[in-house]
Amino acid sequence: MSSAKLTVAEVSESLQRLGLVDYVVFVCSLLVCVVIGVYFGWKDWTVQQRRKQNVRRGSEALNYLVGGRKMKIFPVAMSLIASFISGIAVMGASTETYLHGTQFCYIFTGILLMAVSMNFIFLPVYQGLDITSAYAYLQLRFDRRIRLLGSGLFTLATLLHLPIVIYVPALAFNQVSGVNVHVVSTSVCLVCIFYTLVGGIKAVVWTDVIQMFIMIGALILIVVKGTADIGGLSVLIERNMASGRIEPPNFSFDPTERHTIWAIFIGGGCFWMGKNAIHQMMIQRYLALPSFRDAQKALVCFTVGIILLMMTCFYNGLLIYATFYDCDPLTTGLAKAKDQLLPVLLMKVLGDIPGLAGLFISGIFSASLSSLSTGLNSLSAIVLEDFVKPFTRQPLSERGTRYIMRGTVLAFGIVAVALVLVVEKLGTVLQLSMSLVPISLGPLLGLFLMGMLLPWVDSKSAFGGAISGLIMMSYIVIRAQIAVAAKQMVIVGKPVSVEGCDYTFDLPVGFNTTHAPPTLPSEKSLHHVSYLFYTFIGAATTILVGSLAAAISRRQQPDKLDPLLLAPFVRRMYNMETIPRAVVTVHNFNKEDTQLYMLCSATSSSA
């Protein structure tokens, strides 16, 4: 009787059943993005032609990078959510819940911490300055070398992250269709590069809106149909409670535990703060809005939307376990990689209904295309504003600006597609390159917090603090990666079972059905700290070293600092008058050190 069972290879092949309707849905979603890009590119071109004789210098960059600062709240808020949630996050959140339970679901506390800091610290400063690059702030507050340090770290981290953003959804497409990873990744990325290059920020934002609706619709479909297939919500809760996946917050004070409420709130909050408050991909959207009030409203929409979307992804993780509670796809080999768990669930739940599987894959790709297009557009802003303009003696012409921005999008897009080959061949590089984010994010967050909260910190002290933070984070992250590769740091997963499988498979060598926890090292070092604390440690090291050096050297006089560069409550603490709206601050980036010329400066001295 057992010989009549299908093999795992046959079951896997049976799940690869994307039909004609699914491919049509997928292609149509890409064509919509192309049409949006062409529309906004044509619209901007016609406007430029009509006022060719009276074009204001810099209007090309202003329009391409921040939409003339006239974007609307709703599309920007949707774009913020789409830019933050990549295909990695959509599938990774579900995988995390399936493997390790709901402990990470309490990340909403860290998201709320990020929102509060954005509202009271970062947004008021950004909206008070006429900047396009977030890292222009570092030059205004400190000097050019710190600006270049920030821009360089962002460029390197983004360029290494983009191939991963492309590769992960291509793996999902391969799982459900069998199409070669490189064929689909190259084709889809060329579409993304095209509409980003032609349409600029407006095309990126509006394609994000369409892609968000596709992704949300796909997630809701799999939640509703998947829950009904297993017998309802009560069955899902019962099975996950029995396996220990639904659990209360862990209030342990041990910093080496992977997920505690403190690591999630403090560490996760700092990570989200760094990813949203100082990241060019996100700040560029806030700067596209005309006022601070509009930015606040977009922030509220983003916060609520991102929490709801993340919770939906976590729910899908519970749904994966409730569906495969007695036949783990990873153990049997039905899912070749952890990130293919959600596609396996997709094909089991929606594979028989024409078009729905194609819609879901479109949603996964939409999340990644949003991150890719946003990253390319942000890189064009960084190259123009941070690496070209500060070093040109004469102002750039509108044509030169246009060529630089679009050439940057094309060049970095081609490099990102080419690096997918490297990511696929060197699996260990994938994990190491993802660890580069906290290495650079922590020191960068520390620099911005010092600039906005600590007016006595000067540029030399800040630079020393940033270098210290980089060294500290490089040691911790690289040492932790070595320990993980050597099996010295083993992450214990929740129990799984293969007792109810209705197909044949070979158990992996050393498979343990009891799931006894592995032997942990008796002595723990700094690199054993939870990965959630990485950004916090990098920022704290930067701030501590920088502020101590500034307190000793006393080079910076707080009362000489432009109040617009400080958070509003810090201005009040130091009895600095907030500059009236009529006063204009002019920043000259072409000199060796930033000079601030304040018209009507007598208002600040009268205090």
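Note that Cβ sites are derived from N, Cα and C of the backbone, with glycine treated the same way.
Copied over from TrEMBL, here are the features:
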- 20-42: transmembrane segment (TRANSMEM)
- 73-94: transmembrane segment (TRANSMEM)
- 106-126: transmembrane segment (TRANSMEM)
- 146-173: transmembrane segment (TRANSMEM)
- 205-224: transmembrane segment (TRANSMEM)
- 259-278: transmembrane segment (TRANSMEM)
- 299-324: transmembrane segment (TRANSMEM)
- 356-382: transmembrane segment (TRANSMEM)
- 403-423: transmembrane segment (TRANSMEM)
- 429-450: transmembrane segment (TRANSMEM)
- 462-482: transmembrane segment (TRANSMEM)
- 531-552: transmembrane segment (TRANSMEM)
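Between the transmembrane segment (73-94) and the stretches 146-173, 205-224, 259-278, 531-552, Cβ pairs under 8 Å are most numerous for 205-224.
Of the candidate ranges 106-126, 146-173, 205-224, 403-423, 531-552, 531-552 has the most C-beta pairs within less than 8 angstroms of the transmembrane segment (462-482). Between the transmembrane segment (146-173) and the stretches 20-42, 259-278, 403-423, the greatest number of Cβ pairs separated by less than 8 Å involves 403-423. For the transmembrane segment (205-224), same-chain residues at least 6 beyond its ends with a Cβ under 8 Å from one of its own Cβ atoms are 29, 32-33, 36-37, 40, 67, 71, 74-76, 78-79, 81-83, 85, 90, 195, 285, 288, 309, 312-313, 315-316, 319, 345-346, 349-350, 356, 359-360, 362-364, 366-367, 369-370, 373-374. Within its own chain, the transmembrane segment (531-552) has Cβ neighbours under 8 Å at 255, 258-259, 263-264, 266-268, 270-271, 273-274, 438-439, 441-443, 445-447, 449-450, 454, 456-458, 460-462, 464-466, 468-470, 472-473, 476-477, 480, counting only residues six or more beyond its boundaries. Taking Cβ pairs closer than 8 Å, the transmembrane segment (356-382) reaches residues 17-18, 21-26, 29, 33, 64-65, 79, 82-83, 85-91, 132-133, 135, 151, 154-155, 158-159, 161-162, 165-166, 168-169, 172-173, 176-177, 188-189, 191-193, 195-197, 200-201, 203-204, 207-208, 210-212, 214-219, 221-222, 280-281, 284, 342-343, 346-347, 350, 404-406, 408-409, 412-413, 416 in its own chain, all 6 or more past its ends. By number of Cβ pairs under 8 Å, the transmembrane segment (259-278) is matched best by 106-126 from the list 20-42, 106-126, 299-324. Below 8 angstroms of C-beta separation, residues 60-61, 64-65, 159-160, 162-164, 166-167, 170, 181-182, 185-186, 189-190, 192-193, 196-197, 200, 372, 375-377, 379-381, 383-384, 388, 396, 429-430, 433 of the same chain, each at least six residues beyond the ends of the transmembrane segment (403-423), sit close to that stretch.
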